[in-house]
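Student: Take a look at this one; I'll ask things after.
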């Protein structure tokens with residue numbers, strides 16, 4: 001009986017997907033504090049920085065499924081821990 005109960009608990013945990021959900025920063029400011037909870041399939045935080053002509057460097061932050069490739073005049077930083085895309 002105990003074995004059956006233990007098996008049911010394990011199956012319930014696997015089926016419910018009680019996994020970890022990543023949180024990333026999502027604002028363009030340098031001192032960004034706005035946090036976003038990523039979707040289950042998004043396991044990476046991204047910060048894309050690019051030159052905005054005479055306005056200086058700008059950044060985009062958010063969640064991603066995979067780390068994007070950098071475009072010309074752009075840097076991309078990817079990480080996989082909470083709020084790591086500062």
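Yeah, the Cβs are placed from backbone N, Cα and C, and that goes for glycine too.
Values in this document were obtained by computation on a predicted structure and should not be read as measured data.
Annotated disulfide bond per Swiss-Prot: 24-45, 27-32, 38-63, 67-78, 79-84, in sequence order, evidence recorded as similarity to another entry. The signal peptide annotation in Swiss-Prot covers 1-23.
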Student: Are there any residues in the same chain, six or more apart in sequence, whose C-beta is under 8 angstroms from the C-beta of residue 78 (disulfide bond), and if so which?
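Tutor: Result: 44, 45, 46, 64, 67, 68.
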Student: Which disulfide-bonded residues are spatial neighbours of residue 84 (disulfide bond) here, meaning Cα within 10 Å, out of 24, 27, 32, 38, 63?
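Tutor: Near residue 84 (disulfide bond), where near means Cα within 10 Å, the disulfide-bonded residues are 24.
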Student: Please report the number of other Cβ atoms within 10 Å of the Cβ of residue 63 (disulfide bond).
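Tutor: Excluding its own Cβ, the number within 10 Å is 20.
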Student: Within 10 Å of residue 63 (disulfide bond) (Cα to Cα), which of the disulfide-bonded residues 24, 27, 32 do you find?
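Tutor: Cα within 10 Å of residue 63 (disulfide bond): 24.
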Student: Return only the integer: C-alpha distance in Å from residue 79 (disulfide bond) to residue 24 (disulfide bond).
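Tutor: Residue 79 (disulfide bond) to residue 24 (disulfide bond), Cα-Cα distance: 10 Å.
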Student: Express the distance between the Cα positions of residue 38 (disulfide bond) and residue 24 (disulfide bond) as a whole number of Å.
Tutor: 7
